[in-house]
């Protein structure tokens, strides 16, 4: 149950942050969301088994499921790389990380690109 | 041949990854990168053609990566049947033509263009072949990361918004996919698609997990409640990149929806109405958006959404004819859409604008582009001599066969609107008189694009700009006003090749229809797929 509560809180925080103004807040939201997904993956491996799934350290019955741990390990790396890219996007190409800006429409931007 | 091919399947992922890395390592040699990229893509095309031949009779090839030979299924399976070999073949054709297009626009001179395309292709091959949902997530990320690079690199002059929206929405969809994978693993105890056969029918808990997975993939495919991101991002990069993406990301997602619904849900009839409602809305709202747009590329991007609706009717019907028609539509649409993006993109790259109001009279000026565009546009609207007619006709026949008259009605009405907005491009860009300042604007654009040497994105500057390429002899003549601005042949050829393919599949529809039918058989009876994975 504690994992379910943690996942719920993290997801709620993520959704709240997605709706905020500013790219960095949105990136923070994504960090929360990937934390939530990773916790959920751990929970999928049944958290009743808490032993280290490393040969020779615990009995077969006690060790945690290693497959979700491998999933989480992969997902962390992927989320990390995309977070890096998003942070780079937040600090390049415009003056600030503001996300509420009326120049977003493709027609407008493509039109503006012709004009200069 | 069926014994030799399966162990070679991982090469379809491994070789492009390796070649992409090699291309990135070659610092100076543009020519070497061109050769590596085109060579690898051609090799992938030949290999996927072999796979199509090997699977055309309904054979399913499966290989356990790493030769892990335990039960239950431990290894990641790579599975190839008629459906994914066909999709892979078409995608490699699109890859080759769009790389040719990017070479013509000088974008491919950039050091990371070819490596990104090759890694993208490796991701596509992996996502299509994998028989494991978590691995599907990983390969979708492998496919997306280079795309972020391409989109941001080539779209830098249009600002950061496109890239920001694209990355955010895709990361959200990926996280949701990860949630779904976690739920499926938690309830069913496996992420191997073959082992999940029918699990969505037997157990509602697994079905919910599967529905989360399908929703996430639906976001990536841009079906209607969640389509807005696509129309705001695809036009915000260069035409070559839009053409490349148009046939890949959303289409791989559509493939995944077909496959997961076929295997995991075993084509369960209880949930099909959801797909039919969603596809009808997608068709309608996509095409209505297209009519309202003002630039060629944003019209075409809205059309993509509408056509995604058509393709997904196939999975919404889940009958032999419906699936055959949907698969045929998928293959036809990938080709036609890329051709349209390339023919209008050639005009945009030459005259510096895709706005309908600022163009005109291209029929006289650029007759070859006009023919290419017209063939693809008529095919998109579904007129008889081209492949679009066969696709639409069989889709509508399949809906009538199941007595879904309202879906058929929407499909027919949407075709009229499709034709209308294609005519809007035709009238605005190709007919009438060219505006007085067309030549001036084009020259100014060419000067800006070709005045400086090599591609350079000045991302930090006050107003970010993209400058490309040293001027060629022909370009110098244009810039010194000795010659009028014209679309060069090398920009026309890639789109024309694809237009020729749609004509070929219009007259020779029998061939593609037969292959689609085999693919549909494999989806209708996933037992063979499951058996192949289990006994690999």
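A Cβ is built for glycine as well, from the same backbone N, Cα and C atoms used for every other residue.
Please treat TrEMBL annotations as automatic predictions, because they have not gone through curation.
Annotation comment: TrEMBL describes B:6-26 (among others) as transmembrane segment. Cβ atoms under 8 Å from those of the transmembrane segment (B:6-26) belong to residues 32-33, 36-37, 39-40, 43-44, 47-48, 61-63, 65, 78, 80, 88, 111-112, 114-119, 121-122, 125-126, 129, 139, 536 of the same chain, restricted to positions at least 6 beyond its ends.
Among the features that TrEMBL reports, transmembrane segment is placed at B:35-54 (among others).
Positions annotated as transmembrane segment by TrEMBL: B:74-100 (among others). Beyond its flanks by at least six residues, the transmembrane segment (B:74-100) meets 5-6, 9-10, 12, 37-38, 41-42, 44-45, 48-49, 51-52, 54-56, 58-68, 108, 114, 117, 121, 124-125, 128-132, 135, 192, 194, 240, 243-244, 247-248, 251-252, 255, 258-259, 327, 330-331, 334-335, 338, 342, 490, 493-495, 497-498, 501, 515-516, 518-519, 521-523, 528-529, 532-533, 536 of its own chain at Cβ-Cβ distances under 8 Å.
Taking Cβ pairs closer than 8 Å, the transmembrane segment (B:112-130) reaches residues 9, 12-17, 19-21, 23-24, 33-34, 36-37, 40-41, 44, 76-80, 84, 87-88, 91-92, 95, 98-99, 102, 136, 138-147, 149-150, 153, 244, 248, 252, 255-256 in its own chain, all 6 or more past its ends. According to TrEMBL, the transmembrane segment annotation covers B:112-130 (among others).
Annotated domain 'NADH:quinone oxidoreductase/Mrp antiporter transmembrane' per TrEMBL: B:132-418, in sequence order.
Sequence annotations record features per position, and here TrEMBL assigns transmembrane segment to B:136-153 (among others). Residues 13, 110, 112-113, 115-117, 119-120, 122-124, 126-127, 130, 160, 162-163, 166-167, 170, 174, 177-178, 181, 220, 233, 236-237, 241, 244-245, 248-249, 252, 256, 457 of the same chain lie 6 or more positions beyond the ends of the transmembrane segment (B:136-153) yet place their CB under 8 Å from a CB of it.
Residues or ranges marked as transmembrane segment in TrEMBL: B:165-185 (among others). Using a Cβ-Cβ cut-off under 8 Å and counting only residues 6 or more beyond its ends in the same chain, the transmembrane segment (B:165-185) has close neighbours at 133-134, 137, 140-141, 144, 147-148, 151, 191, 196, 206, 208-217, 219-220, 229, 232-233.
The transmembrane segment annotation in TrEMBL covers B:205-226 (among others).
Residues of the same chain lying 6 or more positions beyond the ends of the transmembrane segment (B:270-292) and with a Cβ under 8 Å from any Cβ of it are 218, 223-225, 227, 231, 299-300, 302-310, 312-313, 315-318, 404, 406-407, 410-411, 413-414, 417-418, 420-421, 424. What TrEMBL lists as transmembrane segment is B:270-292 (among others).
Per TrEMBL, transmembrane segment is recorded for B:299-321 (among others). A Cβ distance under 8 Å defines the sequence-distant neighbours of the transmembrane segment (B:299-321), meaning residues of its chain 6+ beyond its ends; these are 221-224, 227, 230-231, 234-235, 242, 246, 250, 254, 257-258, 261-262, 267, 269, 272, 275-276, 278-287, 289-290, 293, 327, 329-330, 333, 337, 340-341, 344, 380, 391-392, 394-395, 397-399, 401-402, 404, 407, 411, 414, 418, 421, 424-425, 517, 520-521, 524.
According to TrEMBL, the transmembrane segment annotation covers B:368-391 (among others).
Residues or ranges marked as transmembrane segment in TrEMBL: B:403-423 (among others).
The transmembrane segment annotation in TrEMBL covers B:491-515 (among others). Sequence-distant contacts of the transmembrane segment (B:491-515) (same chain, six or more residues past either end, CB-CB distance under 8 Å): 52, 56, 82, 86, 93-94, 97-98, 100-101, 104-105, 324, 328, 331-332, 335-336, 338-340, 342-343, 345-346, 349-350, 366, 368-369, 371-373, 375-376, 379, 384-390, 394.
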Q | Remote residues contacting the transmembrane segment (B:368-391) - C-beta distance under 8 A, at least 6 residues beyond either end | A | 303, 307, 310, 325, 328-329, 332-333, 335-337, 339-340, 343-344, 346-347, 362, 415, 418-419, 422, 425-426, 430, 487, 492, 495-496, 498-499, 502-503, 505-507, 509, 512-513
